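Participant: As annotated by TrEMBL, compositional bias 'Polar residues' applies to 88-98. Per TrEMBL, the feature domain 'Cadherin' maps to 1-87, 88-199, 200-304, 304-426. For 78-107, the entry in TrEMBL reads region 'Disordered'. According to TrEMBL, the feature transmembrane segment maps to 421-452.
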């Protein structure tokens, strides 16, 4: 549509005429209305989809030949379903191994449709063929391909199918151009390969009575070779699934039999695996699960459901319920459990208690008299027979222990011990606990006091007058005495190998360091006195001995020592009676001692 600013006063100058400058021969325009129309009877979107059409609008007036304007119109052809699908080839050839499982894709076929979108959607189907029931075809919505899948194989080695491809969305305006479908031939060849044996079922369920005898056949499994050769099959039980070797199988015909007794209460189900193997090709084998259910027989007697702690009050009345008992049975009869309760025949008329069967697999224990005495009988034993109603009938005897207890007026138990009768009537439980705690505390205090007293007690240094021992000390330099603090280990004298080497003075640096001369050991098989005398003689004759007191170690003397005691403790003689002149004869190492103790002057000092 075009407009002109000139009005009707100018005559023909306001009239607009339309014409097409570009777009022929595909389109035309009405010169008066400007309506664009297709110029050809059949325009194909598949050949060209986009067009640009240039339209001119021109007025009619004026000496100047008229004025004009142009515009460009973009035209797009939309798709319609006017093309049927077409297979690019008339025959397709596929092959498949005979061992392919159901649902295995065998190949893809595709019919082409130049339309777009839903106009190009195709549905595939098998229209006919000698294997139409052996195969199926499905449509891949993304690629618009037909996928042929295998359902089952017979004994044929070649199948022929006719596959049809059809548009799913038809346009009624173009039905006369149809039919909108196409067909193709599909040939499928089956390749024969050596396959493992195939069982007749996917699994086996076998039921056997619990009391079945050993060697009894309980069932059979069947497998066959699917190949044309029909190889012979042998059967075996996978022992990883039957570790106890309860079941066995005849290798020739697959019959299962019992090798050991069965016990449903221990193992109600057995899940084993049977293996079928081709004799000519042991690599070809298959497995099948076999579920064996053990059926119950009545071979267990019922018994009490738990241990009952039953008591009766001393002030109980006759006809009072004191306990309800129930029973359990390891067997599982098909009609459910039903238990009965009775007293032993010799207790059928029990003077103290009776039993009432509640008809619901429980029974109540009732009192038969008023009052019970702990002092006379503290415990009653009540034997009860429990039996079932299955075949054969099984029964057992359970003994119920009933204690006589003291209770309050509401029947609440307070005490069942007969010892409680000996306690004072006014002594409560709290008082008994307090007394017990006091006793425990007193015992702990006594133990602690004894332990402290033992720690404070010291062993005397001298046990008797006959065992007088000096505190042996080590002298490192001259002077010193019993006040020296470095004690000597007496083991040094007893084990001279551990004796320390001669030590130098620590307070005076000697001018010459003398090398200590080592001597051969003399302590073997000699006594202490001889050892000391030899050491004295050795040192007296040693010219390299230092001019000061050297280390001397002494142990306590042994019995019958002719040298008498070396200690000043408890000496029989006083210092005034001692004669120390002999020290001068012991050599230069004892000169200092001879000067200190040799005379009266030294003693006074």
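From the backbone N, Cα and C atoms, a Cβ is placed for every residue, glycine too.
Note that the coordinates shown come from a computational prediction; the quantities given were computed from them, not determined experimentally.
Burial and contacts for the listed features, if you can.
Facilitator: Same-chain neighbours of the compositional bias 'Polar residues' (88-98): 104, 106-107, 109-112, 148, 150, 153, 163, 184-193, 195, 226, counting only residues six or more beyond its ends whose CB sits under 8 Å from a CB of the stretch.
In this model, the domain 'Cadherin' (88-199) carries an average pLDDT of 87.
Taking DSSP states H, G and I as helix and E and B as strand, the domain 'Cadherin' (200-304) has 3 helix, 47 strand, 55 coil.
Residue counts for the region 'Disordered' (78-107) under DSSP, helix first, then strand, then coil, are 0 helix, 11 strand, 19 coil.
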